[in-house]
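If you check Swiss-Prot, you get these features:
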type	residues	note
DOMAIN	27-279	domain 'Protein kinase'
BINDING	33, 34, 35, 36, 37, 38, 39, 40, 41, 56	ATP binding site
ACT_SITE	150	active site, proton acceptor
REGION	326-350	region 'Disordered'
COMPBIAS	340-350	compositional bias 'Basic and acidic residues'
DOMAIN	413-491	domain 'POLO box 1'
DOMAIN	509-595	domain 'POLO box 2'
């Protein structure tokens, strides 16, 4: 038998310079960047163009390698025909006496497994981003009647632009006429579907099960099925039995449960997967910063400049019926990132004054406060003001073992919101009964509870106020979105019995300037200077209102007084506040300083 050390040396004997006999290209082999059970991967440079690739090297030769040789030939036959932005590109292949070489796309950010090794867990916006790319690539594979059979984080690669690519098609196979592959047990045990464990064969739905395992893994840091011994884990897989991650959002837990349905027929299709509330209710970044490979990104949502509201305007103006009343799917608000309202439907619900149809006449034309409509200084100024308020509170007093004596003062805050910023905008409801939407193009529209007035302010523009009798046709699309959000949030507040105590009515020009969020909290900045810090896990709200010595910190907690408990600066200086409040304020400050 060949000594182990000698076998190890023979596996490493890959020449520094390699020539493709078919094309005549000469490559220089670089450092080792990855290895698997039967292959190794190196950085590769084309000597004539300096283009950089990844080189997958599979040893050949020996009677025991016949089966492996067949797998390599199948991998080349399948992979070389694939062309998709979310699948690692296959450029060329050649062989010599000792090895088979595959020249592949080079992904400089390594794999998702490398990211997880450093990060341990990912935020839900990141998971949405990665899953969208994976679903796109996997849909293309399935359209080619190919099942991957080994989907896992180490087989998802990231290029320099943080685009995710499906790679390593060593176990991929074409499905037969019945939609299944041969009944073999292959793949990584933690990610195998019940039908695979039961040796009923892989299908496209087996890959979808693997997506559920991947989603669970990147959100929690551990696979859903990781018990020892192997027989126990396989039984848990057959039963679909796993520890439910209660710290995740309800929509994330729901989608994981759908993906990990033991019956393949109950798992969603790839098209239906992207329509799930997990995607429609929360923010999905268009791209991720490179530093997210080693540290959590902070997502800031300042009003974008210069964007037009084309798509939403066309959709609602041409396709939607009269918008009220509405029905909706789920609640949205503190502790969640917002749920998607249903399309506009007629129903038998109580008609709300905010939803009444009618003609709208222009009431007033005015200019908003100085600085609110400024081009670039507005957000920076508001961030500075908000940061100063948080510092005032943090510096006010010592730590306390219990809450200081407070009083109940009605303050203006947002008890409910709907984050649909990817398509329409960010909708919110105020405690005085008013509501507003910060649209993607930076404009703002609000419904005021006094007389049902509508105020509209385009990005860097003047403030317009209307009555509910007439509206210019260019604004009907935005008004439809606003009224949908308003009715949706008001209905959810009534159903949950969490209608806040009425606050002093806000001025007509109050608007949401910006919101900043990460996986744990959200900070909302309003044009009247109010700063709201919302904690997603505890559903606690910290509202900072007033200026300088008149600053008021109001604490809104589930089960607490409907109007909240407010503390003046003098009270905070003399009594201090608890460690939890201090932590929440610090987190809000961190979000503001990260923009």
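Each residue's number is its place along the chain shown, starting with 1.
Cβ coordinates come from backbone N, Cα and C, glycine included.
Everything Swiss-Prot records as a feature, shown here on the structure.
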residue : record                       : CB count, 10 Å
33      : ATP binding site             : 17
35      : ATP binding site             : 12
37      : ATP binding site             : 6
39      : ATP binding site             : 20
41      : ATP binding site             : 19
150     : active site, proton acceptor : 21
Roughly how many angstrom lie between the C-alpha atoms of residue 33 (ATP binding site) and the residue listed as 'active site, proton acceptor'?
20
Residue pair residue 35 (ATP binding site), residue 150 (active site, proton acceptor) - Cα distance, angstrom, rounded:
15
Site diameter for ATP, Å, by largest Cα distance between 33, 34, 35, 36, 37, 38, 39, 40, 41, 56:
15
Rank aside, I only need the closest one: which of the binding-site residues 37, 39, 41 has its C-alpha nearest to that of residue 150 (active site, proton acceptor)?
37
Go ahead and report the DSSP secondary structure tallies for the domain 'POLO box 2' (509-595): helix first, then strand, then coil.
26 helix, 32 strand, 29 coil
Taking DSSP as the reference, which of helix, strand or coil describes residue 33 (ATP binding site)?
strand
According to DSSP, folded down to helix, strand and coil, what is residue 150 (active site, proton acceptor)?
coil
Counting each residue once, how many in the domain 'POLO box 1' (413-491) are helix, strand and coil under DSSP?
19 helix, 29 strand, 31 coil
